[in-house]
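Enquirer: Handing you this structure, nothing more for now.
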Number of protein chains: 2
Amino acid sequence: MRTIHVKTASADYPVHVGYDFLARFGSHLRKIAGKGAPKLFVLTSPEIWSLWGKQFQASLPAGNSFSVLFLPPGEQHKRFSQVERLATELSAAGADRSSLLIAFGGGIIGDIGGFLAAIYMRGIDYIQMPTTLLAQVDSSVGGKTGVNLSTGKNLVGSFHHPRAVFADVGILKTLPPRELRAGLFESIKAGIIRDPGLFRFLERNRDAILAGDPTALNRVVSSSVAMKAEVVGIDERESGLRMILNFGHTIGHAIEAATGYKKLLHGEAIAWGMLAALHISRSRAMIAEKDAARIESIIHAYGPLPRFRARVPALLEAAGRDKKNKAGTRRFVLTTGIGKSIVVENVTDTEMISAIEWTLREAAR
Amino acid sequence: MRTIHVKTASADYPVHVGYDFLARFGSHLRKIAGKGAPKLFVLTSPEIWSLWGKQFQASLPAGNSFSVLFLPPGEQHKRFSQVERLATELSAAGADRSSLLIAFGGGIIGDIGGFLAAIYMRGIDYIQMPTTLLAQVDSSVGGKTGVNLSTGKNLVGSFHHPRAVFADVGILKTLPPRELRAGLFESIKAGIIRDPGLFRFLERNRDAILAGDPTALNRVVSSSVAMKAEVVGIDERESGLRMILNFGHTIGHAIEAATGYKKLLHGEAIAWGMLAALHISRSRAMIAEKDAARIESIIHAYGPLPRFRARVPALLEAAGRDKKNKAGTRRFVLTTGIGKSIVVENVTDTEMISAIEWTLREAAR
């Protein structure tokens with residue numbers, strides 16, 4: 001088990017990455033709780049609980065009771081109405097300010113659980129126990145929580161860091177292969193923007209990783225988390241460096257929105273968004289062709305990327321609504337080589353349209 | 001105009017108290033915005049806007065456009081569904097991370113506006129412009145924001161400080177007299193728990209204050225704010241000293257809940273709650289009878305307190321659900337003299353029942 005520390009101005013917590021440590025979770029929990037004996041509440045999905053609930057329960061010390069709250073699967077439940085229902089359930093079950101919430105599930109469980117913990121009684125402690133690769137390498141680290149509005153994803157939320165994150169790659173063996181592949185695009189992103197060693201590891205160990213080899217996944221998850229932890233430690237509130245984590249996300253989010261969040265998984269849309277961003281880097285000649293080719297090649301190696309159709313104005317408009325934009329400027333992340341990225345504010349409409357048109361052509365082939 | 005600074009670990013902002021400065025608001029706003037020109041959004045009630053909207057608008061520099069969002073009056077609208085609607089309106093109107101929200105209204109506007117600002121795009125700046133005495137002396141200062149659940153009031157929310165507070169006592173002239181009186185109970189509380197000078201001023205200037213004399217109100221509001229600012233500066237997150245602000249609130253909140261939030265205004269319920277807490281201080285002989293009599297007398301002087309009926313078990317149960325309680329303990333604030341208060345955790349059920357029974361007898365007379 002490797003432990004990575006996230007240290008920011010407002011938080012300091014460990015991310016434990018390893019495999020098959022769910023059985024030892026109870027002892028970690030005792031350490032976190034210290035002398036207190038907080039009431040425990042587990043937010044999970046019916047599916048995860050049916051697969052892993054028994055092991056979770058068995059790992060807790062005898063007599064350590066807890067309540068289980070369920071969120072049905074699907075992005076359509078990442079809404080205020082569910083947060084209100086869950087908060088009401090917490091309150092009816094006697095949760096108080098010293099209670100501890102454990103978000104045990106994928107990214108939606110983590111985002112809703114974190115937001116619930118952020119606002120219940122103006123903030124209670126919580127633990128992230130991500131069960132998808134995407135949640136392990138990305139959303140469970142960094143303290144961002146949120147829910148969707150009808151006008152866009154994650155438009156409301158809080159910065160609220162967990163007390164600890166437990167990422168057990170052993171749990172990934174019950175993850176559908178397509179979800180594993182989609183999650184890996186965030187690790188590929190980590191390699192592209194800041195970690196050439198991880199990039200090489202992903203290039204060289206594709207088969208073992210896609211086959212779910214725990215040692216290989218352990219390396220991928222821990223390096224991805226370490227990269228993100230470092231970036232978040234430097235820039236917690238996304239005023240500067242943290243923006244690079246958004247590589248591929250401006251156009252990726254727009255593709256998700258334009259396709260109604262149905263056709264593509266998040267990671268797949270980000271893969272297309274990274275190809276689009278790479279197109280801009282290339283046309284600016286700010287990246288060596290050898291590096292650009294390796295980036296293109298690794299993205300396809302972890303595919304296939306689902307095809308999709310969309311209209312240019314819809315994508316352009318959706319990209320303009322990105323919440324990273326500030327007072328009219330368009331912020332955009334470009335790569336300048338393997339492990340290198342920069343944030344620019346001067347991407348023109350013409351460049352955007354050219355990148356979108358190129359992407360749509362690729363996506364229609 | 002007097003300016004009081006709230007300085008906490010996470011925030012540092014001015015509270016401006018004075019009268020008839022609404023006309024000069026625009027120039028203050030320019031100072032706050034600095035070089036930026038944030039998009040402005042005003043959250044208000046139809047009533048306040050019809051009374052003061054023109055003046056507000058006239059105070060802004062020409063060409064400074066803004067959007068107005070409305071919240072209908074009444075505690076029943078302090079709910080998630082309204083926050084979701086307002087966040088969606090913000091997003092549809094193009095609010096981004098650099099936008100500025102102005103909460104222009106009473107306590108509910110302030111609480112909802114603060115919460116909306118806390119979670120919209122994970123936090124945007126906001127300004128409090130409280131238009132009721134209660135909001136001016138209490139809820140607009142300290143960074144607490146929140147909404148209600150069906151299981152209780154303010155059970156969800158955030159700590160999110162405003163960039164500035166503008167409390168214009170000139171606006172209070174359109175406040176119904178009963179609301180003025182109810183709000184003054186929070187100032188009386190400020191005097192009881194920490195400010196003997198304010199207590200004396202309230203004793204000696206009752207008639208001018210109740211008549212709405214702006215000089216007298218200015219003194220009351222600024223002293224109340226100064227007391228709260230000092231306490232919040234020492235203990236932002238209510239881990240210690242800030243608890244004293246809860247004087248009268250444990251049983252007061254229970255009375256509000258047991259009477260369905262209809263019969264009594266918040267301040268009136270708190271007045272009854274302070275009398276109940278005083279009953280406990282007296283029966284413990286921890287307060288000189290002379291001081292106790294002055295406290296009782298000033299509360300009645302700012303009455304009359306509406307009568308109400310409730311059942312002992314309902315009040316006891318509601319008081320036990322108070323969110324200040326932690327892991328089974330009951331925290332309670334007692335006064336030990338004019339300007340003096342302590343937080344205890346050893347109030348017994350017997351003492352609670354005795355205080356509740358006494359209060360119910362008084363309230364039935």
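Yeah, the Cβs are placed from backbone N, Cα and C, and that goes for glycine too.
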Enquirer: Please identify which of A:HIS249, A:HIS279 is recorded by TrEMBL as part of the Zn(2+) site containing A:GLU186, A:HIS266.
Expert: A:HIS249
Enquirer: How big is the gap, in Å, between the Cα of A:GLU186 (Zn(2+) binding site) and that of A:THR132 (NAD(+) binding site), rounded to a whole number?
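Expert: One finds 12 Å between the Cα atoms of these residues.
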Enquirer: Name them in sequence order: residues not among A:GLU186, A:HIS249, A:HIS266 whose Cβ is within 8 Å of the mean position of the Cβ atoms defining the Zn(2+) site.
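Expert: Apart from the listed residues, the neighbours are A:LEU134, A:ASP138, A:PHE185, A:LYS189, A:GLY248, A:GLY252, A:GLY267, A:ALA269, A:ILE270, A:GLY273.
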Enquirer: Write out the long-range same-chain contacts of A:LYS153 (NAD(+) binding site), meaning residues 6 or more apart in sequence whose Cβ is under 8 Å from its Cβ.
Expert: A:GLU75, A:LYS78, A:GLY146, A:HIS253, A:GLU256, A:ALA257, A:TYR261
Enquirer: Let me check the 10 A CB neighbour count of A:GLU186 (Zn(2+) binding site). How many other CB atoms are there?
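Expert: Result for A:GLU186 (Zn(2+) binding site): 25 other Cβ atoms within 10 Å.
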Enquirer: Counting by DSSP, what is the helix, strand and coil composition of the domain '3-dehydroquinate synthase C-terminal' (A:183-325)?
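Expert: Helix, strand, coil within the domain '3-dehydroquinate synthase C-terminal' (A:183-325): 103 helix, 0 strand, 40 coil.
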Enquirer: Determine, to the nearest whole angstrom, how far the Cα atom of A:HIS249 (Zn(2+) binding site) is from the Cα atom of A:LYS144 (NAD(+) binding site).
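Expert: If we compare the Cα positions of A:HIS249 (Zn(2+) binding site) and A:LYS144 (NAD(+) binding site), the gap is 15 Å.
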